[in-house]
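Participant: Straight out of TrEMBL:
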type     : residues : note
TRANSMEM : 20-41    : transmembrane segment
TRANSMEM : 47-68    : transmembrane segment
TRANSMEM : 89-112   : transmembrane segment
TRANSMEM : 124-145  : transmembrane segment
TRANSMEM : 157-176  : transmembrane segment
TRANSMEM : 182-207  : transmembrane segment
TRANSMEM : 219-237  : transmembrane segment
TRANSMEM : 295-313  : transmembrane segment
TRANSMEM : 334-355  : transmembrane segment
TRANSMEM : 361-381  : transmembrane segment
TRANSMEM : 388-412  : transmembrane segment
Amino acid sequence: MINQIKDLIFTDTGKDTAIVFTGTIVNAAVGGIFFILAPRILGPADYGLFSVVIATGIMVANLANLGIDTGVLRFVKGEDSESQKILKLALESYLVIGLLVFVLGFVLSLPMARILGQPNISPLLKIAFSGVIFVLLTDFVQAVLQSKKKFLEASIVNIVSNVSRLLILLIAAYFFQINVYFLTFLFFFIYIVSVITGKLFVPLDFLKEKDHRAHFKKFFAFNSWIAASLAISSVPLDNYFLLKFAGPVATGIYAAPYKILAITDQLAGNFSRVLAPRFSSFTNDTQAIIFSKKTIPIVLFVISAILTAGILAEPIVRILLGNEYINSIPVFRVVAASYAFYFADTIAVSLIVYYLGKPNITFLITIIVIIIWAISSYILIPKYQAIGAAFADLISGITALSLFTGFVVWHFSKKIRTHE
């Protein structure tokens, strides 16, 4: 496997993957320090509330995204007029949606907080909703850079904002007492730095284009399935069930190791974006299959690293989170295993969305996975609390890999039988 990875590194895909993975690891290391300090500063109870607010804000951002960034990766091919119109349409959509979320957030924050049984987090939710527009604009910048295969610049955007967040936290901690309100504001509004940095790499010439709304139907017809998949997969059921049935302490015990392992989400998302322009350009199954096989060693390497982290859960948790989070050790192990399964389906999902152009299949499979996740969480969390949530993740991860990979194998084998 090591030799295959070495051979792959010298291809364009390998070089782009190396840039993306290096950038993601650096970004996660810097961002990870924030999520190591946050639970230590707040303690399990307040960190549980903080994690629910963060998860809710990210959920809203994913819902508001409407799959627009995926559409940019799918349709933007270069500097041609059509691509430029798509970019203008995407930016315009993000701005309108972001402002709408800002307004609705002030109306819905208190009802949401009451549903969760924690009315005191209403002001925190308002902060989260207010910052969503900057998250969306960061998504836009990232999608534009990645569609143009400027993966180094895309990594720099994230690294600069995470370094800024960490520096502000350290300086603030030196001068005054940090609380959950400050951390929430810092988490969401640091995305302003991402937008400013991204502007340095993304020229706005596309704003001169006319008739960009003529592409609305085609653009959002593709995006609608992605948006629907994001909508149902972004709801942090685990955090909500834990907060409702087990309280903020159990939520914090679960959320702390989950955040440490969130680098896997970043790796999977960025790796998928490396694959996207390749799969979108292929014209036959042979190209897609050969390319997929070449990328398998990368997936196996990352999975091995995730599982190794799971084995080393005890020293990792003790060193990074401290003795207050000793109960997070078994949670860390199970969540690591679930992340391994989720990362394993990256190639299959990318094939379905970008090569086969069937985001509707992704949506249908996602519905099945979420239903199984919700049922598992509802059964396991009230009785087993944090570890129950972790096992619900594992069950859904195994289901996702089985269904996505199963569909891809079925699709190609069906076409082979048809041609025989």
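Every residue, even glycine, has its Cβ placed from backbone N, Cα and C.
Worth saying up front: this structure is predicted, and the values here are computed from it rather than measured.
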Participant: Do we see three or more Cβ pairs under 8 Å linking the transmembrane segment (182-207) and the transmembrane segment (47-68), pairs being at least 6 apart in sequence?
Facilitator: yes
Participant: Given the transmembrane segment (47-68), which of the listed stretches 124-145, 295-313, 334-355, 361-381 has the most Cβ pairs that are under 8 Å apart from it?
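Facilitator: Out of the listed stretches, 124-145 contacts the transmembrane segment (47-68) most.
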Participant: Same chain, outside the transmembrane segment (334-355) by at least 6, Cβ under 8 Å from its Cβ: which residues?
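Facilitator: Counting only partners 6 or more residues beyond its ends, the transmembrane segment (334-355) has Cβ contacts under 8 Å with 70, 73-74, 226, 257-258, 261, 264-265, 267-268, 271-272, 275-276, 279-280, 282, 288, 292, 295-296, 299, 302-303, 306-307, 309-310, 313, 361-362, 387, 390-391, 393-394, 396-398, 400-401, 404-405, 407-408.
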Participant: Would you mind listing the long-range same-chain contacts of the transmembrane segment (89-112), meaning Cβ under 8 Å and 6+ residues beyond its ends?
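Facilitator: For the transmembrane segment (89-112), the nonlocal Cβ contacts are 56, 60, 64, 66, 68-69, 71-72, 119, 122-123, 125-126, 128-130, 132-134, 136-137, 139-140, 143, 206-207, 212-213, 215-216, 219.
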